[in-house]
Amino acid sequence: MKLLHLDASILGTGSVSRELSALIVRRLAGDAPDAVTYRDLVAENPPHLTVATLPGAHPVSAMAGPLDAAGQAVRDASDRMLSEFVAADTVVIGVPMYNFTIPSQLKAWIDRLLVPGTTFRYGAAGPEGLMGGKRVILALARGGFYGPGTASVPAEHAEHYLRTVFGFMGIVPELVLAEGLAAGEHNKAQALASARDAVGQLAA
């Protein structure tokens, strides 16, 4: 099994999403850590989307014209991000919710994945995802409560976006959720215990 592990939290050891993503990887990888590719998207800080930063497989990338050495290095990094995702059997992503949505570093990584003819295609019936055999697990941490039945549902643009974008590629992501982390120590402790239990219930 090839496992791709990504983190997008700006926090270090205090990050709940980083803790949960690491727990998931340990459960899945077991005694085969060499099968894991790890990317810290905050440390790598992929640049935002332009025609020059698109992977070479994207048809729009040709509009960038000839690239200098620095531009080619960015293009090569984009190609690597796409190829790592395509090659992975399982992808584990630590996702904090910032300002109602995902971190911009994670969005920049996702922008490298949506390549027509590689991860999806357009057919007579509309778009078709090409990554349906891939497993994606999201370790999502939220300070407030945004689940069904709460008043904040319309403000939730992290989980909803990720389900939409991976669904577009043919993937139904699994979710390990810790929410209400900023609603007092009691709520935080309950959320962490529930999320850790959910990790233990994941199919290895």
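Keep in mind that glycine also has a Cβ here, set from the backbone N, Cα and C atoms.
According to Swiss-Prot, the protein has these features:
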BINDING   SER9, SER15, VAL16, SER17, MET97, TYR98, ASN99, PHE100  FMN binding site
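If you compare every pair of Cα atoms in SER9, SER15, VAL16, SER17, MET97, TYR98, ASN99, PHE100, the residues listed for FMN, the longest distance is 17 angstrom. All protein chains shown were included, and the count of other CB atoms within 10 Å of the CB of ASN99 (FMN binding site) stands at 10.
Listed in sequence order, PRO96, ALA141, ALA178, LEU181, LEU192, ALA195 are the same-chain residues at least 6 apart in sequence whose CB falls under 8 Å from the CB of VAL16 (FMN binding site). Proximity of SER15 (FMN binding site) to non-local residues of its own chain (separation of 6 or more, Cβ distance below 8 Å) is seen for ASP7, SER9, GLY94, PRO96, ALA141, given in sequence order. Close to TYR98 (FMN binding site) in the fold, though at least 6 residues off in sequence, lie ILE10, each with a CB less than 8 Å from its CB. By the criterion of other Cβ atoms within 10 Å of the residue's own Cβ, the least surrounded of the binding-site residues SER9, SER17, PHE100 is PHE100. Following the DSSP three-state reduction, the secondary structure of SER15 (FMN binding site) is coil. Long-range Cβ proximity for MET97 (FMN binding site), meaning a same-chain Cβ under 8 A and a gap of 6 or more residues, is found for LEU140, ALA141, ARG142, GLY143, TYR146, GLU156, ALA158.
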